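Going by TrEMBL, these are the annotated features:
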SIGNAL    1-23  signal peptide
DOMAIN    27-226  domain 'Pentraxin (PTX)'
DOMAIN    872-1126  domain 'G-protein coupled receptors family 2 profile 2'
TRANSMEM  874-897  transmembrane segment
TRANSMEM  909-932  transmembrane segment
TRANSMEM  944-967  transmembrane segment
TRANSMEM  979-1000  transmembrane segment
TRANSMEM  1028-1054  transmembrane segment
TRANSMEM  1075-1097  transmembrane segment
TRANSMEM  1103-1125  transmembrane segment
REGION    1155-1202  region 'Disordered'
COMPBIAS  1165-1174  compositional bias 'Polar residues'
Amino acid sequence: MHTFKKCLAVILWILGSSLICSGSSLWGNKIAFTTKSCVWQLNNVIIPPLEELSVCVNLMKKIVTSEWTAFDYKGPGQQHVELGLAGDGGNLKAYLFGEEWKVAYDLQKDTWHTVCLTWSSHTRLFQMIVNKAIFKIHLKETSPRFLAANGTLTLGVSHSFVGGSIDFETGKNFLGDMSLFRMWGEQLSPLQLDAFKCVDGNIMTWRTQDWDYPKCPPIQDDSLKCESSKYKIQMNTSITQNTKSGNTENEIQEIVLHWLKNIFPRKISVHSVFLSNLSAQTGADLTGQNKGKIQGSGKPQIKTQWFDCVVFVSVIPGADVRETVSKIQTLLITSYNYSENVFLITNPDSINILSVAVLPNVTLNPAVTTAAPVLSQTTKSPGSKNITTSVTSTPLRTLATDNICSTTSRLISYRDFGDIFYKVYLNLTMSGSITNPKHTIQEWLHETLGKCKMDVLNLVLKEAPKYITTFQVQTSIPVNVTATERLIFELVTKGYTNATINISVPTGEVKVNHIDPGLCPEEIMLTVYGIYMWPGMTAQSLYDMGCVRGNESATRFCKLNGTTDRAVWDPPDMSKCIRTVDFDDLENITVTADNSADIVNMIEDLLREQTGLNDAQMDIVLEKLSKVTEVGTLTTDLSSSITNIVSDICYITTNPTQVTNKVLSITDLMGDRTVFAGDAHNMTAPSLALQLINPDTSQFHGLTFEVSSLQNDSTPEIFYDENFTEHPNSGTVAFISLPPAIESFFPNNEANPRVQFQFYAQENFFKDPAINMTLNSYVVSASVTNATVSDLEIPVMVTLRHLQTKEDWDSVRCVYWDFNKNNKKGGWNDTGCETVKSNATHTSCSCDHLTHFGVLLDISKTPINPKDEKILTVISYLGSGISSIFLGVTLLTYLAFEKLRRDYPSKILINISVALLGLNMLFLVNSWFASFNSNALCITVAALLHYFFLATFTWMGLGAINMYLALVKVFNSYVPSYMLKFCALGWGLPLLVVGLVLAIDINSYGADLSRALLQDDSTAFCWVKNDVTFYVTVVTFVTLIMVCNICVFAVVLVQIRKMRVNKHASNRKGFLHDLRVVASLTFLLGLTWILAFVAWGPAKTPLLYLFSLLNSLQGFFIFLFYCLMKDNVRKQWRMHLCCGRFRHSEYSDWSRSVTPGAKAKGGQHVSSPSMKSETTSERKISDTSNSGASHDGVFLTRDRKQ
């Protein structure tokens, strides 16, 4: 026992003496750079060749100088600044790889500022974050991939090398206070940096042993408080005990836990303990004379075992880092007597206490199958809480692969805690029976790496001649980086072979990189389900939190992003939680810069559950959004969320006139205040797009913004050009171009100008009840931040696509949205805007100011909506198909039965049927021919369609002339070659017209693009596309025919009326008889086409329905009146087509139904005038009426002799 106590005394003396040189934390201390001779230089820290980094420092300027240096890092022998931060007047200067970037940000004097620099070679992104303001710089692809290693770093002054020695460059010293200089070996996001404000760096920490400062030691400043609740303790500890009372490994664990429990106060609780490198030595594991002093005579009576110990503790509530580190260090350096024969001692030099952002997730997420190569157990000392401990476990040995795993596991050290993720790039070849390559490779990797307790994540496969494969690997914790990289390499290059497949991986085509995904940051979320505080979590871990209301849980998974290799939060799953916030609660929340993002998230959650908003709810939402855009820090993510909300509002609002001005003000202010890196940023949502541009004032040649198309979900596809142009690309949806003169409206101060463009694809959102016009385009706008642009000499050019095809007689107006109209509710105004040109699909405008532009259409002509247009198209095609069938039957009937075509009216009817059948058939197949995209074919089809169209109307006109001659002109006349002349005119005149059109301009025919072409499902139609040709050869021609036919129709009706008056009452027919006469003449003369000329105003749509129905079925009605309802036609059918009792035999009175006539040589004889003619007319009307063909009483009126 005496020997044991003597040895203990020697060990305590040796370890206690080392306290003199032990390092201490600099938390709560600052450097006062008050003289130019004050310099701090990095010492005892080797900076590795980093692929990414983050460095932060707190600065307070005391004296304003023209130039100053905060820190300066240079590689060995380098003269350029590899990494640095400096100031120049009102600018900050950041250095990386010898390049300098200036940021317009002036650090106010006597105020603490936090400045961070972050960089990643993977994203080529260099950032400066100053007091949460973010400035992004995109590096060239040729920029270096690694930071120069093992360089020199100075604080407060720049330095250079002269003759191999360091030389401090006075004259650019920083004169003020500096604190908390730290560096991490990863690129942290702004949110992570904010969460790490009280966390030590993992490359450089804020400790005295890392720095040389010969002339200006650190100064304690009690105002520099920084609270943290999580700490990592690294130390080398020994347990000394009498050999007669040796303890097992598990007993040593219990002793360590008992020691920590007893020395730490109640507010410090142990989270986890990791023991490694446990040695079994006789005597203290010290070198040289120290070991000899303890062992004495060479007869060791005691056993001392040294081990590395990593302890994670939580301090609740969080406390100042400097005070906490000092207290923990004081507690640990005191020896601890566990019993009379067992005591523990920690080497003070080995104690390193770091503030950390997150505690290790010792119990892995059940979703992750990787099991850590540690034994985890819960030990409960009397009166203590459950504490998780971990000790090295024996690797499993299975098959040949496990030999590699077990060999490599010997290299694993617990010193490397946290290095658990790797990125693997490989090219492999695969042969055999393979149906799903990705599944096969996934199974192979899971089988191969899974045996060594590794998980495969985010497998990406690109099929080429070789399979280019990338994936991530999650290994058990803790691991050795180099050993595990080699293990992964060995495992995948072994390949795989079985009876069906063979996988081969060449050793030269495998690359394994260790990646540090960082942490999912701590985040406080204010949601409609309550306030949730998500702690910082390691990648691939799930956090479960009880719902604020209800007995269920909300969960959130921290995943490893397969593209960025960073730890990112998935959206939380709160589906089982009960909502705690509604619109009334939202109204009572005060919007601040800190909770702006939470307010926006709450609004998104509320809108997700709403199908509509009443006026009060809409006012609350718009008020909160307005406040967010005023006071919030508008990051690109936050602005994108607001953009999506505005898009939703445009769809769900039921009273747009009340909210249009408010919404436009919100989007305008959001565009002005959004913070983004680079020269441009855009945000799109369904029916909404914003393009933000920070123009280069030194080379400003104008700006052009264009919306090329809308995707299936109505999201616009946009682009911009840094030039002014007057003419957009063909087919553009919206186009606006700003002239170079806009530059004169840019701010004169040093502030960067900003131009923003906006596009709205919800025309119903812009309603002006004060005008009798409708918006016939989407809305596009442009503005310059903090400037009112007006009275431009060179106007702004705007081109907008019509929502509805503009007819030539339609009137359009170029207008802008006037916020002051309609009692400040907004409305359309055309002041300062002129219509440059307008065609069927687009209107171009020029305006002398900037605002929201649109094109109005006169709605007195009542446009057809797309739904009605589709219905009308279906009616036209169905009617034409039906008419074609019955016209064919009519032609077959009259051509087959010679007795039906003996008179001229029947022959005219045959010609009308042929022309109308050709018109219908070509109409039905027109779009099919147009789909071949052959210009020659389309011109041919259009010319034929035009010909049959004109022929149809020509023969209808000739029928009217024949009717006039037969019924009204009462005199004997001889017309030589009567029918031959009719045929020459009926078929020759249309041929002449079409021939002239082809001779003058063959391109008058082609694919006509109607309004349907603007829709996604549109098809071309071959027709007359030249406006002049259309109006001369179609409209004018049809108008003349219609005027002639209407006149004849009126005269015939008057004549019939006279004949009825002269008849005896007993012989008069009834009302139905007269109605059939009028109906048959209406269809035969084509009078239903008149509906196209009177379809105006509110009655336009109903009249067009009637027009389409009657005209597409014209062939059917001809069959109805001139075949089905005609008695002599039915008799011919019965005589020739029926049998049995339905068959009709010829009878003698056939001549009473069809006027007999003798053929004259080459001419026509019209009966003598006088009362006899009139009597004959009356008789024919009566006879044909009795036969059931009332229309023949007019159309086949006079006896014809040939």
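Keep in mind that glycine also has a Cβ here, set from the backbone N, Cα and C atoms.
Within its own chain, the transmembrane segment (944-967) is flanked in space by residues 904-905, 908-909, 911-912, 915-916, 918-919, 922-923, 926, 982, 985-987, 989-991, 993-994, 997, 1005, 1022-1024, 1033-1034, 1037-1038, 1041, 1044-1045, 1048-1049, 1051-1052, 1055, 1084-1086, 1166, 1177, 1194-1198, which lie at least six positions past its ends and keep a Cβ under 8 Å from the stretch.
Taking pairs at least six residues apart, the transmembrane segment (909-932) and the transmembrane segment (1103-1125) share three or more Cβ pairs below 8 Å and count as touching. Using a Cβ-Cβ cut-off under 8 Å and counting only residues 6 or more beyond its ends in the same chain, the transmembrane segment (979-1000) has close neighbours at 904, 907-908, 911, 915, 943, 946-951, 954-955, 958, 962, 1024, 1029, 1033, 1037.
The list of residues near the transmembrane segment (1028-1054) in space but at least 6 beyond its ends in sequence, with Cβ under 8 angstroms from a Cβ of it, reads 946, 949-950, 953-954, 956-957, 960-961, 963-964, 967-968, 993, 997, 1001, 1004, 1078, 1081-1082, 1085-1087, 1089-1090, 1093, 1194. As a whole-number mean, the pLDDT of the domain 'Pentraxin (PTX)' (27-226) in this prediction is 88. Sequence-distant contacts of the transmembrane segment (1103-1125) (same chain, at least 6 residues past either end, Cβ-Cβ under 8 Å): 864, 868, 871-872, 875-880, 882-884, 886-887, 889-890, 893, 909, 912-913, 916-917, 920, 1076, 1079-1080, 1083-1084, 1086, 1088-1089, 1091-1092, 1094-1095, 1188-1189, 1191.
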